[in-house]
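Visitor: If you scroll down you'll find the structure; I have some questions about it.
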């Protein structure tokens, strides 16, 4: 056997053929940021059109393509791959493994993603336009009335489903088989735990999504009638299948965010995480409950009252483990030696805003009142509080927290804090007024609206432009750090940080833990 | 746990891949049929049974009258003239009732149609029995011709007393292109 201690290959082949978890993690993170900018650009077009009532910039058909692509790109292109990238970078370093369990498959799961999204974006230039049926692609909008590009869309969903399944199998195989000796399950950092559970959710529900789009494909091209009433099918069946995937998907997005926050808050509170065991059990409970609450997305389809009640109570039950988590984070901070560096600011922003999103979620869970909120801007406000202030804020916190470890340079703290405050203000200005217009009756996914919603919509649009612009600052800060940030070689960049990733040199070398680290059996989880 | 391979990684991968393939199959072989069974059994979505009802000999409940409303809708692009002969009937639970729907194909070519019923309130669906219905079969019509399509039904004596009006809605679909492909259920 030759020399194993080689560095990265040179040039483009380093990235094309790499099997190194850090390289692949980096590619995932950059790709997801590119998608974040693309999806953000779509959002800017939406908000520009909604700046004033009446039709100004785009025609309604194009507007619908924008809302559809914004949702698809943000969910499948930005948020999910960003957390997979973080998992690739951090999980081996957190459990003392030299790499992921299946490095070659890892390369594949990343490299099939960019072509899939290139194809999806190319539908914008096709005859009939891009998919315009909303990110939930309800039949028959996505079958009988769909543009021809729906077939490309189905192919894209298949490819990115495959990527997610391969990625999650890899994560499970890594966590189950490659932990350093002494790293028992209940000693794993919480980020590893939340990802392990997320990966199981992905393996269980991505095939369901693949099944749904396969049925659409068959209805469109092969004469079946899964979702067509004329042939004995039922469009409502589509909604059941979609949300059987879709609700666990919501937790696929948010659980890794919970993990990130559970790493960062203890570090800047200089206290161990409060209630580690209960955090693990709460995560598992949320994952289990996610499978039995899907129909709360479809209270208005005409379910029997028993169904409405079951899904209502089951949904409300989720507030219990989620509440456990929120109180644990607050208890971690209680009497801690708190400092407020950028990662901590983003985590606290997460804590406040995600809790608001959780409360509006509880409001939506109440079947009788949901009839008013259903398909209104209230729903839009709710899920942006959990998706953006939940997932995106925590992802941003993660980048600031681990960036010095990744590249051996400190980011500019003032710029980071500025980024946080502009994001925080811009985000709330965008989405808080949407609660009000939603309750007052403004429906979602419309290019024009009644005059009484004009002021709040203008506020929303201004907020969206501010939030969008603040991400350019983020990009600049990250690039400036990599190129010319203040070098640091401290292993523990943050004095309160705990965990194996802080025991390797800074910047993290290309290969880490080729010999497993020693885990102190007395040492609690990190 | 059963070990499928001496290599623990391969063992994990094979098991998880099986779960993924199993979930894909689950959608087709469990979720779709289960949904149909549940809808039929519970009358969800106002779905009525697609089979003719064999009447059980039981007395007619003369004590109350149920209003039956008939609604007919053409699916988008369906050119037929289609409608009930009477829009409303008053019936006693347990009694056998007859009515007809009219259909006319104004186009020169022969066409095949399929009517899909739905009952509102959905709770009433399981108490609305059709002994004969044009919706049980495809309805072919020659070009430029008309037909009367019969419907015979019984409202169950066990219909909850708070339901006084039942709406039976038919949507008629053009299935000319589909028939020969996959038969409608």
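Cβ coordinates come from backbone N, Cα and C, glycine included.
Computed from a predicted structure; not experimentally measured.
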Visitor: Taking A:220-239, A:280-299 as the choices, which stretch does TrEMBL tie to transmembrane segment?
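Guide: TrEMBL lists transmembrane segment for residues A:280-299.
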Visitor: What else in the chain is close to the transmembrane segment (A:190-218), if you only count residues 6 or more beyond its ends and a Cβ gap under 8 Å?
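Guide: Here the qualifying positions are 83, 86-87, 90-91, 94-95, 137, 139, 142-143, 150-151, 154, 157-158, 161-162, 164-165, 167-169, 171-172, 175, 224, 226-227, 238, 241-242, 244-245, 248-249, 251-252, 255-256, 258-260, 262-263, 273, 276, 279-280, 283-284, 287, 290-291, 525.
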Visitor: Who are the chain neighbours of the transmembrane segment (A:28-48) in space, where the CB to CB distance is under 8 Å and they lie at least 6 residues beyond its ends?
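Guide: Those are 56-58, 63, 66-67, 69-70, 73-74, 77-82, 84-86, 88-89, 110, 113-114, 117, 121, 392, 399, 430, 460-461, 464-465, 468, 471, 475, in sequence order.
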Visitor: Return yes if the transmembrane segment (A:379-403) and the transmembrane segment (A:68-91) have at least 3 CB pairs under 8 Å (sequence gap of 6 or more), otherwise no.
Guide: yes
Visitor: If we call contact 3 or more Cβ pairs under 8 Å (sequence gap 6 or more), are the transmembrane segment (A:68-91) and the transmembrane segment (A:424-442) touching?
Guide: no
Visitor: State, in range form, which of A:250-268, A:280-299, A:305-324, A:424-442 has the highest count of Cβ pairs under 8 Å to the transmembrane segment (A:345-367).
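Guide: That would be A:305-324.
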